[in-house]
Ligand code: HAM
């Protein structure tokens with residue numbers, strides 16, 4: 001064992017695991033194009049203040065989960081725990097509004113949270129996220145939720161549910177928080193430690209406590225305390241979701257763990273996942289850009305947790321094919337065979353055929369074993385006999401069938417064979 005090991009809560013992604021990452025990321029990128037999103041990449045480190053101001057001083061993320069350190073000049077920096085604050089910062093800093101409004105942006109990348117590692121909960125994890133800036137129209141919220149629904153369907157997941165809520169504006173929520181405090185006050189001595197702490201700092205989080213579920217059951221619903229504008233927004237969102245044919249459930253207990261949300265909040269839950277069942281979450285944040293020093297700009301977005309989606313695919317036994325299959329393994333023997341193999345590999349690759357040229361000192365039978373191990377569809381052999389007759393031997397690794405053909409025609413014939421499959 002090496003002296004160097006991974007940091008707790010992080011992982012190496014390799015081998016069979018990679019096909020899931022390719023499948024998910026490629027599906028997302030294709031779908032983002034279909035929906036008209038542009039990619040944005042922001043730095044992994046930002047000034048700490050961006051997150052404490054953006055996500056909220058009293059949230060678990062800011063209170064206890066950030067990877068924060070001082071750089072050599074004593075400036076406090078933080079590894080991004082999520083994408084929204086960074087993308088909002090980039091939107092303001094680069095005046096993205098000048099490229100038109102609304103802006104529809106997506107990102108895929110790692111996030112960092114110092115949480116207790118367990119199944120589905122990592123310290124470095126990947127999100128696929130999207131943010132829309134510059135429209136408060138509920139069509140934007142509906143489109144985002146539809147995207148997430150479409151995406152999980154495209155991945156061939158079935159056991160998931162979209163849950164939506166509206167948590168009002170900051171003003172209307174103040175009134176509701178008072179009502180909630182009155183409800184929880186007499187129950188407080190019997191509630192868990194987290195609930196006791198959050199009673200004063202973040203009362204709405206008591207609603208999604210995993211321990212005190214019973215207490216939350218009879219709690220007053222935020223939906224009875226919504227301001228007129230939020231109520232109308234919520235009604236319209238549901239109207240559009242119905243038009244998009246997206247099944248959803250209204251759940252007034254969806255409150256989210258970040259402070260920037262206004263009006264829409266939503267989550268997607270997977271039923272086979274145990275404790276870490278939330279595979280995506282998002283909502284509207286109409287005050288965030290202004291809070292970060294930008295012009296008043298409404299926003300809405302979501303993030304999907306890639307590791308959790310992989311787990312969901314595995315639990316549902318969804319078959320995922322590797323996208324990087326080897327079409328042809330080029331095997332050779334002798335010096336002349338080697339040179340002919342190099343030329344042929346170049347030609348095959350130019351035609352877009354996934355080609356693996358033997359680059360080790362293996363004999364022919366070793367090269368066949370290697371090709372087998374790599375799951376190559378065909379092996380093209382250029383040995384001494386082939387050189388002397390100016391031919392190659394092609395072996396179909398699945399059927400075992402072997403044919404000999406003129407060297408000049410190899411790439412055309414292979415393209416043909418692959419097309420026929
Ligand atoms: P979030 O709910 O904190 O929202 O994270 C979104 C998703 O990331 C979660 O639903 C979960 O699937 C995944 N996730 C979160 N923490 C972990 C972890 N420790 N390990 C593995 N997966 C995790 C946000 O981050 C918001 N920025 C979403 C958003 C975008 N809202 C508006 N725009």
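In case you wondered, yes, glycine gets a Cβ from its N, Cα and C as well.
Under DSSP, residue 256 (L-histidine binding site) is assigned to coil, being neither helix nor strand in the three-state scheme. What TrEMBL records for 82, 83, 84, 113, 127, 131, 256, 260, 261 is L-histidine binding site.
Per TrEMBL, the feature domain 'Aminoacyl-transfer RNA synthetases class-II family profile' maps to 9-313.
A Cβ distance below 6 Å to any atom of ligand 1 is met, among the binding-site residues 82, 84, 127, 261, by 82, 84, 127.
Residue 261 (L-histidine binding site) falls within neither a helix nor a strand when secondary structure is assigned with DSSP, and so counts as coil. Counting neighbouring Cβ atoms within 10 Å of each of the binding-site residues (82, 261), the lowest count belongs to 82. Each of the binding-site residues 84, 127 was ranked by the number of other C-beta atoms within 10 Å, and first place falls to 84. Take 82, 83, 84, 113, 127, 131, 256, 260, 261, the residues named in the record as contacts for L-histidine: the widest Cα to Cα gap among them comes to 20 Å. Per-residue confidence over the domain 'Aminoacyl-transfer RNA synthetases class-II family profile' (9-313) averages 96 (mean pLDDT, predicted model).
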